[in-house]
Amino acid sequence: MISLGRDDEKRDGLTGDARTAELSHRLDAVRRRIEAAVAAAGRTDPPRLIVVTKFHPADDVRRLAALGVTDVGENRDQEAAAKSAGLPDVGVRWHFIGQLQSNKAKSVVKYAASVQSIDRLQVVDALAKAVAREQDATGRSDLDCFIQVGLDDDAGAHRGGASPSDIGVLADRIESAPGLQLSGLMAVAPLGADPEAAFEKLAGISEALRATYPAATRISAGMSQDLEAAVKFGATHLRIGSDILGSRPAVG
Ligand SMILES: *Cc1c(COP(=O)(O)O)cnc(C)c1O
């Protein structure tokens, strides 16, 4: 960057601060865990790290980008829209990983490279329409789409996602929409269950999906508590929040 305006001063002021040192330390620890898990699994294809910055300020995204982070995740449109709009000079990819209301699709396609929480047809249709308009207006690239799969049989422990039996219909609809690319599947391990069993099940569902859609190879799985299990069962994307950012500030 050539300009030496206020943004540059601000960035330089941030990247030497105590919070940056803390983030750097935590990020290194997580990167070492991922490396160890990749080695233990005998994998040669390291997963992509998405740092989940929800509830943390835009300045933390700026600090993380300076530390080499290329991908961030957010779960609420209002927060993500504001943060991404405030960081036009920070070249990170934004991933939307939270429950999406159809009426937020128009906003999400303005900043998101991927939506990882697609769990019903209405959301597919809303995103298809919104991304087509955005592509006409700005020429944005296609939206990467992950179908979120619910891995728990017990409705009481439900953490979101489509039933495995609904994935085929969702995948068809995504594939038939010109601006949407079917990337693969996303899941959150059920609370209180063995994450290895959950991610093994997810790997099987992914294999079945790839029989029909060979390009849908991505598996977004693994959070702070269970990234090792996710790497073992083939995660291509990890979504790590609290182990890098620290505990989330209380919501007011
Ligand atoms: C918050 C969140 C994460 C990150 O979880 P941590 O336990 O903080 O690492 C990952 N995926 C989704 C869908 C989330 O909402």
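Each Cβ is built from the backbone N, Cα and C atoms, and glycine gets one as well.
Annotations in TrEMBL come from automatic prediction, not curation.
Here the domain 'Alanine racemase N-terminal' (27-249) returns a mean pLDDT of 96 for the predicted model. Residues annotated as domain 'Alanine racemase N-terminal' in TrEMBL: 27-249.
Per TrEMBL, N6-(pyridoxal phosphate)lysine is recorded for Lys54. Within the same chain, the residues at least 6 positions away from Lys54 (N6-(pyridoxal phosphate)lysine) whose Cβ sits under 8 Å from its Cβ are Gly73, Glu74, Asn75, Arg76, Glu79, Gly98, Gly241, Arg248, listed in sequence order.
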